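S.K.: This is the structure I want to talk about, given as structure tokens.
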Amino acid sequence: MLNKMTLHPQQIMIGPRFNRALFDPLLVVLLALQLLVVAGLVRAQTCPSVCSCSNQFSKVICVRKNLREVPDGISTNTRLLNLHENQIQIIKVNSFKHLRHLEILQLSRNHIRTIEIGAFNGLANLNTLELFDNRLTTIPNGAFVYLSKLKELWLRNNPIESIPSYAFNRIPSLRRLDLGELKRLSYISEGAFEGLSNLRYLNLAMCNLREIPNLTPLIKLDELDLSGNHLSAIRPGSFQGLMHLQKLWMIQSQIQVIERNAFDNLQSLVEINLAHNNLTLLPHDLFTPLHHLERIHLHHNPWNCNCDILWLSWWIKDMAPSNTACCARCNTPPNLKGRYIGELDQNYFTCYAPVIVEPPADLNVTEGMAAELKCRASTSLTSVSWITPNGTVMTHGAYKVRIAVLSDGTLNFTNVTVQDTGMYTCMVSNSVGNTTASATLNVTAATTTPFSYFSTVTVETMEPSQDEARTTDNNVGPTPVVDWETTNVTTSLTPQSTRSTEKTFTIPVTDINSGIPGIDEVMKTTKIIIGCFVAITLMAAVMLVIFYKMRKQHHRQNHHAPTRTVEIINVDDEITGDTPMESHLPMPAIEHEHLNHYNSYKSPFNHTTTVNTINSIHSSVHEPLLIRMNSKDNVQETQI
């Protein structure tokens, strides 16, 4: 029994046999993976030695550490990285590639001159990028690629000299853009802000601007700061497209004049700050189109308090009746200096209604043409409106498809219709009252009758007598009186004398009323005729070329085959023993590999030899025939 129960050592291991050669590499791979995981966890939970970290390494502060480059060892969980006030000069490519959770990157107040393309790769969640107070001279547009969630960009106080077109089109998600204190800025392209359709805040303060740049692409802009510039005048159209703008700051911008209708595009404006400028007067009803305006700052301006400022006093009283001392004080005249504008009334002044120096004139036009009715007052501080024939009052900025009031008060028609016919009244207003002037617009329907290309002009001339001719040699000739009609046009020359000889000339001329369409029709007909002539000429040239080639080919065929009478002779019938072979033709060359070239027959030889030879040739060359020419010219051999 014991012998049966004794187990051999080889039988102790049950199952598959252990293979150490396979186990060792697998163990190495597992250990490597564990090390990588541990290293990743360690890196995710580490903090650079020169920085301070908080909130489970999500906030890394490296301020004023004299860093010359981005430090290593920043946690991948970092959401805010502050590198403020260091010595960094270059942001190299992939400097933040592993910080995929980073939302705020603060690089302000360094010495950054260059930002390489791809420097911000991997920052797909970046929300705010601060680059103010550095040494950038250009907008690093190429570095903004892939910042699809960037909302705020701060470039304040950099020596940037120009802003080219599409400078920010790589970051259409941008909401706030700070370009303030670009003191070396000398040029802003017309398309500089293209692509920023989602921008809500723009700072262009202290940028040495002498005029307002094109802001039309910023259709959602809410706040605009233009303070500290050199904007001597604000003109109509400066804020075109900014229908959603709510806050406008132009503090200390050296503004001297704000022209009529300058703010008409700002329909949503709530607050405007014009403090610390050089304003003395404002155009009548400047703020009237701003129905949502609630706060206005006009202090620290040298206001000249006269009749033209009364409307502003009344407007302030209506806007803030409980606080008329809120806004501005008079600087001149001396008797009103220091008095608040909101406290003035008409008793302080002797005022008059406005004067229209260029009233509109009656106008006759044809349907479809453009037209203008001008109306100019003695001063640009008045407001101008128009009353249409149906009683509608039109002001600058009022939406009409074909009719608009321009900034100078002109009523402009881009395409008149017959329905536009009627009387239009220009109304010029100031604080005292209104002055009106009217004009009639007469629109004639376009004629649809067929036009004649030519009409007859009858010219009647009267020759003066010799005495009168001598007295009028040194004088200017009589002024012709021209009367044009639709069908018959007559030009009359009226002399100074009644004694004359009348001569009548009939001259065909182009009808004035139908001249333009007649010329068009003639040009069309001329083009058609020229086109047909060119086509016929080309076809004739092609036919001549074809005819020439066919004739040349036919001539060659006739040259190689001259017309002659030939007689085909059967060799078996004509060749006899008595006939010498001198007059026989030589045999043609037989182009077969097994035959040699046949030479001319030699004479004389017997008939038997000749017959045998010919029979042998018949069997080889399929019975050739000899051609005998009737003439004594050279003979050709032909194989048939």
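For all residues, glycine too, the Cβ spot is worked out from N, Cα and C.
Found this in Swiss-Prot, in case it helps:
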DISULFID  CYS375-CYS426  disulfide bond
DOMAIN    45-76  domain 'LRRNT'
DOMAIN    301-353  domain 'LRRCT'
DOMAIN    354-442  domain 'Ig-like C2-type'
MOD_RES   SER631  phosphoserine
REGION    463-483  region 'Disordered'
REPEAT    77-98  repeat 'LRR 1'
REPEAT    101-122  repeat 'LRR 2'
REPEAT    125-146  repeat 'LRR 3'
REPEAT    149-170  repeat 'LRR 4'
REPEAT    173-195  repeat 'LRR 5'
REPEAT    198-219  repeat 'LRR 6'
REPEAT    220-241  repeat 'LRR 7'
REPEAT    244-265  repeat 'LRR 8'
REPEAT    268-289  repeat 'LRR 9'
SIGNAL    1-44  signal peptide
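Just tell me what is around each of these and how deep it sits.
M.R.: Take the CB of CYS426 (disulfide bond) and look out to 10 A: across all protein chains shown you find 26 other CB atoms.
Within its own chain, the domain 'LRRNT' (45-76) has Cβ neighbours under 8 Å at 82-92, 95-96, 98-101, counting only residues six or more beyond its boundaries.
Mapped onto DSSP classes, the domain 'LRRCT' (301-353) shows 22 helix, 7 strand, 24 coil.
Sequence-distant neighbours of the repeat 'LRR 1' (77-98) (same chain, 6+ residues past either end, Cβ-Cβ under 8 Å): 44-45, 56-70, 104-123, 143.
The average pLDDT for the repeat 'LRR 2' (101-122) in the predicted structure is 96.
Listed by sequence, the residues of this chain that lie at least six past the ends of the repeat 'LRR 3' (125-146) yet keep a Cβ under 8 A from its Cβ atoms are 91, 100-113, 115-119, 152-164, 166-171, 178.
With a threshold of 8 Å between CB atoms, the same-chain residues lying at least 6 positions outside the repeat 'LRR 4' (149-170) that come near it are 108, 124-139, 141-142, 176-196, 203.
Listed as Cβ neighbours of the repeat 'LRR 5' (173-195) (distance under 8 Å, sequence separation of 6 or more from its ends, same chain) are residues 132, 147-167, 201-209, 213-215, 217-218, 225.
A Cβ distance under 8 Å defines the sequence-distant neighbours of the repeat 'LRR 7' (220-241), meaning residues of its chain 6+ beyond its ends; these are 180, 197-212, 247-266, 273, 396, 407.
Nonlocal intrachain contacts for the repeat 'LRR 8' (244-265), taken as residues 6+ away from its ends with a CB within less than 8 angstroms of a stretch CB, comprise 205, 219-238, 271-280, 282-284, 286-287, 289-290, 292, 297, 380-384, 396-397, 407.
The list of residues near the repeat 'LRR 9' (268-289) in space but at least 6 beyond its ends in sequence, with Cβ under 8 angstroms from a Cβ of it, reads 227, 243-262, 295-304, 306, 308-309, 311-312, 315, 331-332, 380-383, 395, 397, 429-431.
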S.K.: By a simple count, how many Cβ atoms lie within 10 Å of the Cβ of CYS375 (disulfide bond), its own Cβ left out?
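M.R.: Counting Cβ neighbours of CYS375 (disulfide bond) within 10 Å gives 26.
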S.K.: Per DSSP, to which secondary structure element type does CYS375 (disulfide bond) belong, with helix, strand and coil as the options?
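M.R.: The residue in question, CYS375 (disulfide bond), is coil (DSSP, three-state).
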